[in-house]
Amino acid sequence: MHRLLSWLAFQAALSVPGILAAPSDPVFDYVIVGGGTAGLTLASRLSENATVRVAIIEAGSFYELDTGNTSQIPSNAGLYNGKSQELTNPLVEWGFMTTPQAGINNQSVHYPRGKTLGGSSAVHAMAYQRPSIGSMDLWAERVDDDAWNWENTFPYFQKSIDFTPPNNAARFANSTPEYDPDALASGGELSLTHTNYAQPLSSWLAEAMEDVNIPNIPGFNGGHLNGSGWLIHTINQNEGIRESSETAFLAPILDRPNLALYNRTRAERILFRDNVATGVEVSELTTNKTFLLLARKEVIVTAGAFQSPQLLLVSGVGPASLLAEHDIPLVADRPGVGQNMQDHIFFGISYRVNVMTANSLAVPEVAAEAALLYSEDQAGPLSAPGGDYAAFEWLPAEFRDGLSEETEEDLAGLPSDWPEILYLSLPTYVGDFYNPLTEGPTDGYQYATLLATLLTPHSRGNISISSSRMADPPLINPNWLGEKMDIELMTAAFRRVRDIYGSSALDGVRIGEEYYPGSTVSDDDEEAIEEFVRANTYTVSHAVATCRMGTEGDESAVVDSQVRVADSSSFPFIPPSLPQSIVYMLAEKIADDIKSTW
């Protein structure tokens, strides 16, 4: 770990200062806006051709230098997750707040987004899991292009990754993961593995899932999701640290002479001539100097689900009426820019348990022992993010009584392999997610939470602007629980979580009755359950589709050959998956598309 940090510091010292100033030759073949998950993957692939010049624009810098090993240590994965704006670090995270959300009792909450090289891959929980076969086939159908179906995208899912089998000697007994070796390639840039530490509760939960008829399956990366199993993560097993797009794709190529990195630099607007994108106006955030980066071939926007639409809007691409409100000259009337936002949301129910959880690390002696184990062996509780065991399912019949006919009809339109709910075990207490770091119990007990995540959100939100400046944060309106279907499913999931935790397989680990919300919320009280769900729901930070791809006849899609959007904002919808795997796949595919175009 120390070797990696020192190497990166050395590379940064050599590479970054010399390219912060306005370049003497500002003309590149490709200008990439956003050094996140997709942007750095694209930069790596496009700059493989030594005759091609590539520029990367990123508002942040190297997280290893800005926050030390805080972002590298896997157990720190949840540092920025919570409704409170206190849960941010302006060096690596944007600190965005949503507009007041009617569906969650008018709360305005913090929405984590990476502001660093690596983007959100440098701050999220590192879990890697792919969508179902049917959901990718639906993607292809929606955009009228078979290149996006499961069969044709699978090679791109595989291209990036370097899977290392689990080190079972470092894990507890009864925690050996099953996985499908045919679904996990080796030899790519992105390190994947099962963590060197298994949460003690998870092996018990595996038995509980079997007990409630959610079978164990060999992982979630071969296109089949319904079932339970151990998650894999973007972690370098040998070093025991986070793998991000920065460590996987940027660090190894910093010495390429045809690659220019403009970190701590903000894109202000895309430049157009006769409606053709010609470059980007940027500002150095350390000096406030403004200059231009010009693109011979393409401007590629990979600024994420919030700032990709924001950049298009302030550049004159978006709904004409909105641009007129802010005196932004119209380049292209695109009503879909900023619309159609979809997101995954979850809530948690918590219990006291008699196995070690993250609460143990509040004891100085335990924390010191964990630090030593991590430092010497890259193992122990610091080597793993909290959630390592998950389950996907279509809610069983006995939990569907509260679903309306309209909801059932909508769900019937989804592919049959598309699960409705994801359950994720966390070795801690989260409560209402306001500030999980400070608001948990301090009574000496161990706490665990089972999260229920909605994978079929019907609600649609939007991203807008308050001004014509990128310096002003976008207006983020996710519209969580804005549709009846979503609250019906989350209410049903509440009862199902209780059913899972009530399994006799957990009798040996569960202490007493449910701790949160406890007996104050009865299974028979529909109103109380809905009130709990609305008060305790929070984002999984999976915003997508705000610049969604589509067909040329689709007025709500963002189709423009002059500017290429290549990140999660371009998804046509939100699949039943953690988006990380899809973003890497998308970047790999689009890199090949660009190469074949030029």
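Indices start at 1 and increase along the chain as displayed.
Positions of Cβ are set from backbone N, Cα and C atoms, glycine also.
Pulled from TrEMBL, these are the features on record:
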| type | residues | note |
| --- | --- | --- |
| SIGNAL | 1-21 | signal peptide |
| DOMAIN | 114-137 | domain 'Glucose-methanol-choline oxidoreductase N-terminal' |
| DOMAIN | 304-318 | domain 'Glucose-methanol-choline oxidoreductase N-terminal' |
| BINDING | Pro579, Gln580 | FAD binding site |
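In three-state terms derived from DSSP, Pro579 (FAD binding site) belongs to neither a helical nor a strand segment and is classed as coil. The domain 'Glucose-methanol-choline oxidoreductase N-terminal' (114-137): residue composition by secondary structure is 9 helix, 3 strand, 12 coil, according to DSSP. Mean pLDDT of the predicted structure over the domain 'Glucose-methanol-choline oxidoreductase N-terminal' (304-318): 98.
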